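As recorded in TrEMBL:
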- 21-43: transmembrane segment (TRANSMEM)
- 77-98: transmembrane segment (TRANSMEM)
- 107-126: transmembrane segment (TRANSMEM)
- 132-151: transmembrane segment (TRANSMEM)
- 163-188: transmembrane segment (TRANSMEM)
- 208-226: transmembrane segment (TRANSMEM)
- 251-278: transmembrane segment (TRANSMEM)
- 290-311: transmembrane segment (TRANSMEM)
- 323-340: transmembrane segment (TRANSMEM)
Amino acid sequence: MKDYLSLRIGKRFSSFQLHKKTILFSLLSLLIVIAVAVVSLGMGEMKIASLDVVKVLLGIGSEENALIVEQFRLPRIVIAILVGAALAVAGAIMQGLVRNPLASPDILGVSGGASVFAVGFLILFETASIKWLPPSAFLGATLTTFLLYALSWKKGVTPLRLVMIGVGIKIAAGAIVTMLIMFSPFLLQNKALLWLAGSIYGVDWNDVFMILPWVVGLILVAGFLARRVNIQQLGDDLATSLGSSLQLDRFLLLMICAALTGTAVSVGGDISFVALLAPHIAKQLIGPSFGGAMTLSAFLGAIIVLLADLIGRMAFSPIEVPVGVFTSAIGAPFFIYLLYKNRNR
């Protein structure tokens with residue numbers, strides 16, 4: 001067992017093993033996150049050298065650079081990291097529960113529910129403060145997950161029913177959003193479409209402080225429940241024979257997935273395919289064990305959103321392309337590839 005690092009929290013609460021390969025890839029991914037973040041902090045109308053960015057972060061930079069980096073660019077970078085990590089971990093949980101690499105919150109309707117509530121808020125409550133948009137998206141994701149669980153229940157919830165009901169909810173949510181946009185004023189249509197495209201433009205430190213404790217706390221809870229996700233992946237019969245509270249664990253993990261998704265889309269909009277891409281890449285690199293895959297997925301999700309945001313800001317400058325446009329451009333072909341790869345399963 002020299003290739004593994006064993007971690008235990010309490011005698012019975014949680015324990016898991018991390019392969020040295022998991023630690024290596026996670027550290028490498030962390031370094032990439034830091035590197036991309038530093039480069040991104042220096043990009044904009046006023047370019048700042050990476051060395052000067054590092055000086056600002058260390059507290060020894062010039063006042064002008066510090067103002068630009070700390071007040072205008074750093075909140076956006078932190079939000080990109082948090083949103084990417086939250087979506088990736090939510091995707092890892094969903095894929096573990098459904099036992100299908102094609103599963104993710106955006107494909108199974110959770111993000112769609114958040115979109116309905118968010119777009120509905122923007123259009124139906126146009127005079128209300130924009131600060132109520134994140135709670136609306138969070139509420140939509142949570143209620144949609146309750147609906148998904150309730151409609152999937154028949155003497156318990158099975159992965160197949162979750163997928164079928166989830167896809168149906170996604171289609172229905174898309175139709176509702178389209179109707180809301182069609183019958184709304186032109187200016188509100190633009191605002192709703194920007195949110196649906198997935199954008200972290202205009203975020204500030206208030207947004208960071210709002211989602212930071214949720215993202216960190218929920219990811220930690222997901223890590224503590226890693227063994228339960230691994231048991232879920234063994235199949236219902238074997239999981240039950242091992243003494244797992246199958247339906248209770250499934251409900252709890254779905255709620256964590258919903259909370260992570262709702263938190264992410266509440267400030268980032270409907271950013272698609274991150275929850276699909278990151279966990280799949282992580283499992284290809286280190287294997288299916290949830291503890292390691294979740295950790296690496298979080299870093300990979302952060303990298304994907306950071307890179308998409310950087311490209312979106314710089315590729316067609318001064319026009320800014322939403323993050324979700326680039327994640328969809330990558331994710332859609334990847335989804336088709338997964339469909340083709342798993343066509344006979």
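In case you wondered, yes, glycine gets a Cβ from its N, Cα and C as well.
When the stretches 132-151, 163-188, 290-311 are ranked by Cβ pairs under 8 Å to the transmembrane segment (77-98), first place goes to 290-311.
Proximity of distant same-chain residues to the transmembrane segment (251-278), defined by a Cβ-Cβ separation under 8 Å and at least 6 residues beyond the stretch ends, is recorded for 79-80, 82-84, 86-94, 96-97, 102, 104-107, 110-111, 114-115, 118, 133-142, 144-145, 148-149, 157, 194-200, 203, 207, 210-211, 214-215, 218-219, 221-222, 225, 228-229, 232, 297-298, 300-301, 304-305, 322-324, 327-328, 330-332, 334-335, 338. Proximity of distant same-chain residues to the transmembrane segment (132-151), defined by a Cβ-Cβ separation under 8 Å and at least 6 residues beyond the stretch ends, is recorded for 105, 108-118, 120-122, 125, 157, 162, 165-166, 169, 173, 195, 207, 210-211, 251, 254-255, 257-259, 261-263, 265-267.
Away from its own ends, the transmembrane segment (208-226) comes close to residues 9, 13-14, 16, 75, 78-79, 82-83, 85-86, 89, 93, 134, 249, 252-253, 256, 259-260, 263-264, 266-267, 289-291, 294-295, 298 of its chain (Cβ-Cβ under 8 Å, at least six residues beyond either end).
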